[in-house]
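Working notes, structure below.
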């Protein structure tokens with residue numbers, strides 16, 4: 001056997017164990033997620049129903065409500081998360097001491113390793129309208145208690161707030177590394193021209209960070225589109241459907257109402273919507289940056 | 001030459017007067033301190049829920065509803081922990097399940113993905129680029145949309161209510177393969193050639209040369225995988241119904257105070273929260289420098 005043949009054989013040997021599992025648990029389910037939108041299940045047996053599920057989903061007010069809620073959440077959360085993480089990260093890079101910078105990065109990252117289940121339950125306590133901490137703090141300043149999770153107007157923003165408090169770690173770490181990786185000549189040149197502080201940040205740092213901002217925005221969007229755990233523990237989609245997200249709707253139809261066909265069509269909508277958002281973000285960023 | 005960055009006109013090539021400059025310094029100093037305060041405030045806010053969880057877990061039932069709420073510890077009690085650990089549910093077994101699944105997925109997953117990453121980086125074989133592109137493109141898809149297909153698939157394979165169903169899907173991580181490949185691409189070929197001349201076989205090249213040099217990426221991925229598997233909720237919630245096989249994240253939903261809360265249940269819920277938060281936090285503290293590095297390798301090279 002010649003060298004190229006041997007190399008090829010070993011390539012296959014190394015890649016096969018991964019590839020088998022990848023095919024079974026990633027690729028096949030992905031393809032199935034498209035096909036299953038056209039299937040209904042009766043006692044573990046699939047029946048082809050064509051466009052029925054999709055028609056059903058598209059004519060369901062709850063589906064459209066969940067799409068609206070999900071996009072509202074994603075819009076608020078992604079924008080705020082990217083902006084806040086960027087602000088925090090840029091401030092962290094102003095420290096000259098490397099240990100200090102790493103300590104701060106770790107400090108901001110730590111809350112995101114704690115499971116969402118634990119975090120969600122703490123927040124239900126903090127949001128409680130009788131003895132929750134937030135309402136207590138407001139009462140000290142003389143503001144009437146708000147039923148944060150029980151009011152359709154405040155429930156979704158409350159979830160956004162909760163996720164902002166815990167979910168910035170990854171973005172901060174990526175932005176800090178990106179800022180530190182920028183060529184220092186640019187900053188020297190700007191200093192000579194007198195750009196310091198805010199000007200430097202707005203005119204030099206942020207434009208140069210566009211690729212990292214895009215990366216964080218896209219990954220944050222993908223995660224935010226799948227908002228499930230905090231809805232599951234805090235609101236169950238209520239009040240009056242104001243926190244019903246696409247992921248929660250999908251889950252509930254599949255595993256509570258056992259309507260797998262409907263749930264598959266909703267799941268496909270989640271997939272397509274996420275892809276569409278990612279493409280929009282890519283396009284938008286490309287039009288903003290002039291290379 | 002690097003291109004000049006855009007600087008607003010009024011700042012370009014104008015001599016700065018010393019008086020103005022000292023003003024600017026002062027302003028910057030004050031501004032710097034204000035942003036520093038905001039930074040520390042936000043750090044405090046982001047830690048506060050964790051502090052609140054730990055604190056409340058040591059309170060008595062009624063104390064958790066006291067107004068004003070006690071912001072630090074008075075008369076700590078272990079009652080809630082005793083309640084959780086001595087409940088009729090097998091809480092310790094749930095913790096052990098989580099640990100077993102997380103460790104297995106981490107170790108086996110790293111081996112599988114390191115082998116695949118090695119092949120993609122250092123071997124030439126037909127279909128390599130297409131396969132790699134396929135693996136990459138699935139990284140952009142939301143995992144949640146695979147929930148129902150994967151559920152039906154594992155149901156038809158009779159895998160529900162087994163450890164397998166929690167372990168196998170976690171092993172094939174496109175992100176891990178991508179990261180390891182990027183890392184292994186940077187290794188110098190001379191190392192491999194030399195070892196080959198010295199008579200090392202293919203497995204040894206991988207195990208004794210490629211893997212040790214990829215340690216930082218492996219350590220980062222290992223911590224990620226452990227934390228992500230430990231914290232996974234939706235998948236085991238869907239596929240595990242057997243009380244004895246539940247991981248802690250799913251098990252706790254059955255405990256008092258988790259899904260619906262009665263009047264005195266918060267300390268108990270917080271104690272369950274602390275129990276499931278401790279292992280990832282320990283792992284984080286042990287491997288934090290790898291964590292940070294791992295996150296940035298993916299982002300900056302991707």
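First residue shown is number 1, and so on along the chain.
The backbone N, Cα and C atoms fix where each Cβ goes, and this holds for glycine too.
Note: TrEMBL annotation is automatic and uncurated.
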**Prompt:** Looking at the ranges B:67-89, B:205-227, which is given as transmembrane segment in TrEMBL?
**Reply:** B:205-227
**Recorded stretches the transmembrane segment (B:163-184) and the transmembrane segment (B:94-118) touching, at least 3 CB pairs under 8 Å** = yes
**Prompt:** In the same chain, who gets a Cβ under 8 Å from the transmembrane segment (B:130-157) while lying at least 6 residues past its ends?
**Reply:** 120, 165, 169, 174-175, 177-178, 181, 234-235, 238-239
**Complete:** Here the stretch out of B:30-52, B:205-227, B:267-287 with the most C-beta pairs under 8 Å to the transmembrane segment (B:94-118) is B:205-227
**Message:** Under 8 Å between C-beta atoms and at least six residues away from its ends: which parts of the chain pack against the transmembrane segment (B:205-227)?
**Reply:** 102-103, 105-106, 109-110, 113-115, 117-118, 122, 170, 173, 176, 179-180, 182-184, 187, 191-192, 195-196, 280, 283-284, 286-287, 290-291, 293-295, 297
